[in-house]
Amino acid sequence: MVSIDKYEIFLDFDFKNLIYKGYEKIYLSTDNEVVLDSVGLNIVSVKTEGKSVPFKISDSQIFIQTGKFDGVLEIEFEGKVKERGLVGIYKAPYDHSYIITTQFESVHAREFIPCIDHPAFKARFKLSVKVDKDLDVISNMPIEDVREEGDKKIVTFQETPRMSTYLLYLGIGKFEEIKDKLGEVDIIVATVPGRISKGKFALDVAKKVIEYYEDYFGIKYQLPKEHLIAIPEFAFGAMENWGAITFRETALLADESSSVQQKMRVASVVAHELAHQWFGDLVTMKWWDDLWLNESFATFMSHKAIAELYKEWDFWGTFINSETSGALFRDSLTTTHPIEAHVTSPEEIEQLFDDISYGKGASILRMIEAYLGDEDFRKGIQIYLNTYKYSNATGSDFWNSLEKGSGKPVSEIVKDWITKDGYPVVYVSVNGSKINLEQERFYLKGNGKNAVYKVPLTLEVNGRKITYLLEKEKDSIDIGSDIKSIKVNIDRTGFYRVYYNDLSLVFNSKLSHLDKWGLFNDYFNFFLAGRVNYTTYESIAKQFMKDDNYLVVDELVSELYYLWRVNRDKYKLLYEVLPYQVKRFSKRKDELSRRTYSYLLSTFAFVDEKFASGLAVAFEKYDTLDPNVKEAVAIAYAVTYGEDAYDELLNKYRSEKFDEEKTRLLYGLLSFREPYLVVNTMSLALTGEIKRQDVARILPYASYNPYSRLALWKWLKTHMEFLRSIYAGTAILGRTLRSVIPFLGLNNAEVVEYFTTNRFPEMEVEIKSGLEILDSLRRII
């Protein structure tokens, strides 16, 4: 048994040549030999008390023959900074320069230093870094000392509290900063030079959110400072390194020239990562099986915080439209997994970072909070954090804490939801005063192995609210009087779908915008799964065609646009909805309406060439346009002018400094009707003109373009190994292929053949998912 108290690390960097020398002291005790994780590092020597200790090296570990030992292990090693990958320690270019940065979750600290790279092996870290004098250095803790040594300097940081290896951070380069203070805590936004002007919004959000969490959790933020760092090349949205949170630039930077969507995204991601400072950093899961504990809770809490602090954004609407919706779709596939999933290998761990660990888990937490009540739920959270701070915990520890806080049998209720995969569809039929209920597991492919869940139903019958725990496959409720109206799963707090035998009783109910969203989303998925025909789905869509709520309109247009992309000659209801809703939302000034207007405009510009030609003229004044319409104008310009517009859009893309602006123009560059222009745009990724981080994000968008799918497929097949090298060590490319395969394969049998005959072990699950979705779409094409 090994116990580690502290890592004392000294790193000497050659910034220009992207190499470093490391000297590490590990304070530990062990009953036997020490096994450290180490990948890609050159181990020069291992000593104790100045004497060499024998060791052996495998591909991923060092076996150090200490025998029983209590003391300090001294390791000298050498490392390299990656130039292509986006995990471990890597180079992040910007303009004509770069920074060195790190990304260690889940198992990449071992590529930086020899360590026990396991979340349960918490330790203190004391870090010193030798760099060129003109470079800045950021880590988890404040700087304790700076000492000059020739043309270099040694920067020493304060010691961290006990924490897991994956939360360690180091950034080297040139940074600009803005600061604020909350009590004794420094809150700092850092960017590469020339970007800090867009940091103030995130700084303000962070201060409000930390204050909110300190109150909600009943525990102060534990470190002296909190850095929020915009990284110019970053694989994920953000990473919760304790005291030094990293973000891709589009997840942190926003100002008055940003769209509503951009500001909402920044607020959401900042709140998510700050929630981790308590839930993940202060208290950490024992092993990756319980990753959902970190991610579900941060997802849930970020929406809770923003819903409270920015009420005008209706963030629970955003929650169901993104988190719940994505999780319901992912969990309807046969390739899904339980929230609590057993994993051992790095590949398995990476595949857990998905809609189940984030969205489903967060949706279950929302369901449990609704069942327990706000205060009892909060009390349980506080018990959990106070019991396990600076330590590790399991899912059982979490549910037990909620039981202590509420006095209710939480573990018993949630067991089905976290240990079983999938979820039910509840069939609701009415006979006089009687409600007949039946449940079965919902599959996108139509059918499969059944399961029975404990479903905490919420109903409103004849205007009266009822709660009922459905524990059997079939059950019934008699309310004692004839039923005139009914709705089930009020405000979409439950993680299940509802099928009604008589929809007129639903439309007799008073439906909130969340209820309408749920009904519409359910029946769209019933159509995809072959449970209802298009006529039934279309009749519901027509009920909502003139609805004036942003969430309902977003969902309506999103579903109809999805069908248009499957077969634009068959599914044309979109053309009836868009003119009416674009006109209506163009007159509204509130932020949610402006966001919806932006989406409507972009969709209309892509699907309708006549509308696009009218909008394209606005490109002349692109720089002065409302940020909410810029993307639509770029798309319209590409659709209208084709090849003649390409160079102008490309030059505009190249001249923009901020990623938010570049992304808008990139969507324009992928909207051409001419396939070779879309391929030319994708090929910018090969030269670095499109950031490595963005390739996976734009591939699905490109695949939605029905005019260029065959050409895009040839490009993807040709450059598959390049893409794999960019995202090595992550599951990002796999998730991208899950979205891309269904559209590229609609009319191209080669796609299925390619992915069934070629093996990609790190993406196997998501490729199977994509093929399953493709089967579903082929039924409706």
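Just so it is clear, glycine is given a Cβ too, placed from its N, Cα and C backbone atoms.
Among the features that Swiss-Prot reports, substrate binding site is placed at Glu105, Gly237, Ala238, Met239, Glu240, Asn241. The Zn(2+) binding site feature in Swiss-Prot is assigned to His272, His276, Glu295; the stated evidence is sequence analysis. Swiss-Prot lists Glu273 with the feature active site, proton acceptor. Residues or ranges marked as site 'Transition state stabilizer' by Swiss-Prot on the basis of similarity to another entry: Tyr358.
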_I want the residues beyond His272, His276, Glu295 whose C-beta is within 8 angstroms of the mean position of the Zn(2+) site's C-beta atoms, in chain order._
Glu240, Glu273, Ala275, Phe279, Gly280, Asn294, Phe297, Ala298, Thr299, Ser302, Tyr358
*asked:* Spatially, and counting Cα to Cα, which of the binding-site residues is closest to His276 (Zn(2+) binding site)? Options: Glu105, Glu240, Asn241.
replied: Glu240
_Shortest C-alpha distance to Glu240 (substrate binding site) - which of the recorded positions Glu273, Glu295, Tyr358_ = Glu273
*If you measure every Cα to Cα distance among Glu105, Gly237, Ala238, Met239, Glu240, Asn241, the residues said to bind substrate, what is the biggest one in Å?*
13
*Counting only residues 6+ apart in the same chain, whose Cβ is under 8 Å from the Cβ of Glu295 (Zn(2+) binding site)?*
Phe353, Ser357, Tyr358, Gly361, Ala362
*For the binding-site residues Ala238, Met239, which Cβ has the most other Cβ atoms within 10 Å, all shown protein chains included?*
Met239
*asked:* Using the alpha carbons only, what distance in Å do you get between Ala238 (substrate binding site) and His272 (Zn(2+) binding site) once rounded?
replied: 9
*Count the other Cβ atoms sitting within 10 Å of the Cβ of His276 (Zn(2+) binding site), across every protein chain shown.*
24
*asked:* These are the recorded positions: Gly237, Asn241, Tyr358. Which one scores highest on other Cβ atoms within 10 Å?
replied: Asn241
*Do you know offhand how many angstrom separate Gly237 (substrate binding site) and the residue listed as 'active site, proton acceptor' by C-alpha?*
10
*For Glu273 (active site, proton acceptor), the number of other Cβ atoms found within 10 Å of its own Cβ*: 27
*Would you list the other residues of this chain near substrate - those whose C-beta lies within 8 angstroms of the C-beta centroid of Glu105, Gly237, Ala238, Met239, Glu240, Asn241 - in sequence order?*
Gln103, Phe236, Ile245, Thr246, Phe247, Glu273, His276
_Proximal but sequence-remote residues of the same chain as Glu105 (substrate binding site) (Cβ under 8 Å, at least 6 apart)_ = Tyr166, Leu167, Met239
